[in-house]
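*Asks:* Got a structure here, written out as structure tokens. Questions coming.
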Amino acid sequence: MARNKGGLRFQPSGGARGPAIPVGKKQRLTIERLAHDGRGIAHEAGMTWFVSGGLPGEELEARVLGARSKVVDARSERLFSSSDLRRREPCTVAGRCGGCTLQHLEHGEQLALKQRTLQEQLQRFAGIEPEEWAAPLVGPEFGYRRRARIAVRWDARARRLDVGFRASASQEIVAFDECLVLVPPLQTIARALPALLQDFRKPESIGHVELFHGTASALLLRHTTALVDEDRQRLAAFCSAHQAQLWLQGAEQPLPVEPAAELGYSLGDWQLTLAYRPGDFVQVNAPVNESMIRQALDWLAPTADERVLDLFCGLGNFSLPLARRVARVVGVEGVAAMVERAGANALANGLGNAHFFQADLSKALAEAPWAEQGFTAVLLDPPRDGAFEAVREMSSLGARRVVYVSCNPATLARDAGEMARQGYRLKRAGILDMFPQTAHVEAMALFEAG
């Protein structure tokens, strides 16, 4: 379910303090290897340096962003020697924008880094390795994001509205001419958006903007004070010109300006359409999402007469394709609104064999009424915190096969260790390249009862 983008960031290491290093200081370094978050690692004068933009083997000059204990966070500013792994970034704000952190690294090496991260985390936290490594699931390198959040900030002193993406390791807003990772319809809207917002009569009322694309395009504007009619009309005309729905959000939940407006996305292989609202979790990469569902169902390999449990089911992204194949699917989710929408999606797609329940998945499952008859096949798609309490009960649920989809290799590895303690074997694992140009790792693992 809901993911927070991230990776290994600056963390104090504890122990004796190293020499004080002022922010802004420049240091010549040789990069030794990559951290899991894609930053280069170097050692100098007893300090470990994490350098954004550095690649193994490179000699560079880095500027200090922050330092504590024996760890320094820095950014590459000048190259003396370049790695063969380096490529020219196609984006004009790469290195400044906080969205794409790996554009300077060849895509094949991005995949290798993510594979290495998964392998090392499984070894570190669980001491295990899968019997088989699956090939990475990949999609387009660019033009894949169907959702984006654009930062907006009114500078009262300068009488200026800043519109763009958050910078890496700061609160700066980086303006952009185009964003290459967005799907083309959202690129068009994003390119025209700054000029629209900067013409607002009351730009200080804008909080941020989110863009969505699926069965329709949509623009959500979060406002901190009521919009004046003139600005509201500008927004409506802009959205009409770009064939996009307009949604507004004040202190309450997002609401469409046109009450009949609906957002959704299609899963063509299963002839499904799933409705959602701004704020609901939806995978941002449509091609990889479909490949992920296909692989999950292939690995789980449910028979037509099986009961399948889908934990952290959300809108029914896995539940409804499963319901096309098996006798009964039970989806469980912690957020009541998502449970309601999953049920509505099942009904809208004519699936009477998918049933959804709300439950706190950090607590015991075996006592729940929906769990009484047990399940031989289970699918989990938890948030970054993982599913430790749920996996502790896999054997009591009767699960013979478990597919675990993860957005955090560290918690997947921790939970894999618990699965191993219950007698499950890690049959297969692999990465899902849901976020090309970033170090974010999604993964899938198949466990079978021993």
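A Cβ is built for glycine as well, from the same backbone N, Cα and C atoms used for every other residue.
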*Asks:* Swiss-Prot has Gln283, Phe312, Asn317, Asp360, Asp381 down as binding S-adenosyl-L-methionine; which of Glu333, Glu372, Glu393 does it also list for that site?
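*Replies:* Among Glu333, Glu372, Glu393, only Glu333 appears alongside Gln283, Phe312, Asn317, Asp360, Asp381 as S-adenosyl-L-methionine-binding in Swiss-Prot.
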*Asks:* Swiss-Prot lists region 'Disordered' for one of the ranges 1-22, 111-132, 199-220; which is that range?
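*Replies:* Checked against Swiss-Prot: region 'Disordered' maps to 1-22.
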*Asks:* Using DSSP, would you call Asn317 (S-adenosyl-L-methionine binding site) helix, strand or coil?
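*Replies:* Coil, per DSSP.
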*Asks:* What is the maximum Cα to Cα distance, in Å and rounded to a whole number, among the residues Gln283, Phe312, Asn317, Glu333, Asp360, Asp381 annotated as binding S-adenosyl-L-methionine?
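*Replies:* Those residues reach a largest Cα separation of 22 Å.
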*Asks:* Determine, using Cα-Cα distances only, which of these binding-site residues is closest to Cys97 ([4Fe-4S] cluster binding site): Gln283, Phe312, Asn317.
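*Replies:* Nearest listed residue in space: Gln283.
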*Asks:* Which site among Gln283, Asn317 has the most other CB atoms no more than 10 Å from its CB, taking these as binding-site residues?
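*Replies:* When each Cβ's neighbours within 10 Å are tallied, Asn317 tops the list.
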*Asks:* Measuring Cα to Cα, how many Å separate Glu333 (S-adenosyl-L-methionine binding site) from Cys91 ([4Fe-4S] cluster binding site)?
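*Replies:* Cα of Glu333 (S-adenosyl-L-methionine binding site) to Cα of Cys91 ([4Fe-4S] cluster binding site) measures 38 Å after rounding.
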*Asks:* Looking only at C-alpha atoms, tell me how far Asp360 (S-adenosyl-L-methionine binding site) is from Cys407 (active site, nucleophile), rounded to the nearest Å.
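*Replies:* With distance taken Cα to Cα, Cys407 (active site, nucleophile) is 19 Å from Asp360 (S-adenosyl-L-methionine binding site).
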*Asks:* Between Cys407 (active site, nucleophile) and Cys100 ([4Fe-4S] cluster binding site), what C-alpha distance do you get in Å?
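*Replies:* The separation of the Cα atoms works out to 17 Å.
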*Asks:* Please name which of the binding-site residues listed here, Cys91, Cys100, Cys179, is nearest in space to Asp381 (S-adenosyl-L-methionine binding site), Cα against Cα.
*Replies:* Cys100
